């Protein structure tokens with residue numbers, strides 16, 4: 001990821017993040033002073049991408065802990081209660097992305113592991129854990145790049161969907177990590193970027209990131225993918241994930257399932273890149289994944305202007321589920337996992353309680 005920007009960070013007791021709704025035309029920093037501000041940023045997609053919102057939520061827990069420690073005056077039970085409230089608030093904002101609840105659970109459990117702490121001790125431990133989650137995510141993304149680069153053929157043409165780059169993570173990205181690694185190694189590579197309606201994460205964010213890195217790209221509308229596959233222009237598809245369940249089913253941005261079907265029809269490898277924090281083996285298959293439904297206005301409006309007739313109600317599931325049998329391999333920081341996925345995912349995923 002270019003050193004010119006960070007996705008989310010802690011500064012002077014606040015959570016800072018780039019407002020991704022405004023890119024690429026404006027780079028605005030949002031400063032969150034309370035956990036409610038972080039929840040709002042996640043819900044309104046000022047910050048998005050499963051790993052990134054996990055990092056932001058961890059820092060949101062730190063804001064809640066610091067505020068409660070200031071008010072608690074020795075009452076540790078009060079700070080734990082405030083952390084539980086903060087976790088419930090944050091978890092409710094984007095239910096499909098499991099990194100969110102994983103991060104808040106990890107922070108809360110770490111705080112509860114302290115022996116006879118003061119409120120200050122709890123707040124300090126929560127902030128340290130949030131810093132650790134951010135650093136670990138960045139390291140995992142680099143590892144995904146190292147493992148995944150071997151899957152891209154020489155002079156490879158890669159199709160990606162939505163944004164699974166540095167803006168979706170602590171930095172460097174998941175689906176874009178192998179692409180970045182190939183580019184850093186001096187290997188010629190070209191990326192086909194789905195614009196990704198209705199929020200245009202591909203056109204606005206992925207294209208912007210690739211331009212920062214001077215990686216060649218072609219922007220296409222979502223309904224052009226089959227055309228370029230049939231022409232032989234695509235060597236492989238690499239996407240990110242918001243949740244990978246026990247059998248290998250993958251929840252990701254709406255439209256991912258369609259790409260997987262097209263890739264199978266054209267015998268093109270379909271890879272999913274995600275850190276282990278995205279693996280959720282508590283769910284047996286994709287039918288159990290909660291799918292977030294977002295506002296109809298995000299489909300019928302574009303940049304504040306209506307693009308559909310007044311009164312039209314649009315469906316807007318934010319994610320779909322790609323069955324495991326359409327996935328060629330899953331790239332994690334631990335290595336490349338091939339079917340059958342179940343056993344390897346159990347070993348690779350984080351422990352959840």
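Each Cβ is built from the backbone N, Cα and C atoms, and glycine gets one as well.
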Same-site residue for substrate (record: Swiss-Prot; known: 48, 49, 50, 201, 252, 253; options: 6, 94, 155, 305): 94
Cβ neighbours within the same chain of residue 201 (substrate binding site) - under 8 Å, at least six residues apart: 48, 162, 163, 253
Whole-number Å value for how far residue 242 (active site, proton donor) lies from residue 50 (substrate binding site) (Cα to Cα): 5
Between residue 242 (active site, proton donor) and residue 252 (substrate binding site), the C-alpha gap once rounded to whole angstrom: 5
Non-site residues, in chain order, whose CB comes within 8 A of the mean position of the CB atoms of 48, 49, 50, 94, 201, 252, 253 at substrate: 53, 97, 162, 163, 164, 168, 240, 242, 318, 319
Tertiary neighbours of residue 49 (substrate binding site) (same chain, Cβ under 8 Å, six or more apart): 7, 163, 164, 167, 168, 169, 240
Residue 162 (site 'Transition state stabilizer'): secondary structure state under DSSP, collapsed to three categories: coil
C-beta crowding around residue 162 (site 'Transition state stabilizer'), within 10 angstroms: 29
